[in-house]
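Q: Attaching a single structure in structure tokens format; questions to follow.
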């Protein structure tokens, strides 16, 4: 009775705040990176550069899954509990891996990677063009600064008055709506796999959490890298315009979703569980 204590740890708040701060730092990378490429790259080279950017975003989760697989093999209290004191294996349902170790390693790497961003130039010459003289750049800098000051003077009333019509026009844009459909289909299939596939591999095939995470990373993410990279080369070679690219992406994503949906017919026998599927005797 005296040893019984209700769980009341508030350490999860630190994890939540850490993820919020991480999201605040990582979110601008994708939109700003795409705008950066669109502004300073040639039109025919932009799809290839964007493909390289998206390929890099897939390589990151791939390496993250490999790191998670390694951390899952280590006991959660590594450093404070000796290996000889651990009496359960990694395949045991009670096993808890060193989930916190991956967070510390990624936080350190994010800090190191963020340092070069301080040295990026404020502006670049568009690809294929010569650099402008300093006098011309100084003359154009003054009107731009004045425009920025005028934009900051706009009130919220004018912002809302322009935002609603712009939002309506955006919803009537076929390219934008196709992109929304593509995003929904992709995340619907990918999130389902990431959420339920590890537990499925553990229960049906007797894999440990470390092995399940490793298999998902090895068999899925490298194929996505090949798809992104080959798609960028395809658009660059055949000079696919925006509307054609959106249509191709929609139909390919729909085919991908149907292939994932076919997994419902892939049924394995349920593992015998005492007291649930079979009797204790």
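The backbone N, Cα and C atoms fix where each Cβ goes, glycine too.
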Q: Out of 152-174, 175-197, which range is noted as transmembrane segment by TrEMBL?
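A: The range carrying the transmembrane segment annotation in TrEMBL is 175-197.
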Q: Taking the transmembrane segment (12-36) as the first stretch and the transmembrane segment (212-234) as the second, find out whether 3 or more Cβ pairs fall under 8 Å, excluding pairs closer than 6 in sequence.
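A: Touching, no - the transmembrane segment (12-36) and the transmembrane segment (212-234) miss the threshold of 3 or more Cβ pairs under 8 Å.
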Q: Is it the case that the transmembrane segment (48-76) and the transmembrane segment (175-197) have 3 or more CB pairs under 8 Å, with pairs at least 6 apart in sequence?
A: no
Q: Which one, 96-120, 175-197, 246-267, has the most C-beta pairs under 8 Å toward the transmembrane segment (212-234)?
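A: Most contacts with the transmembrane segment (212-234): 175-197.
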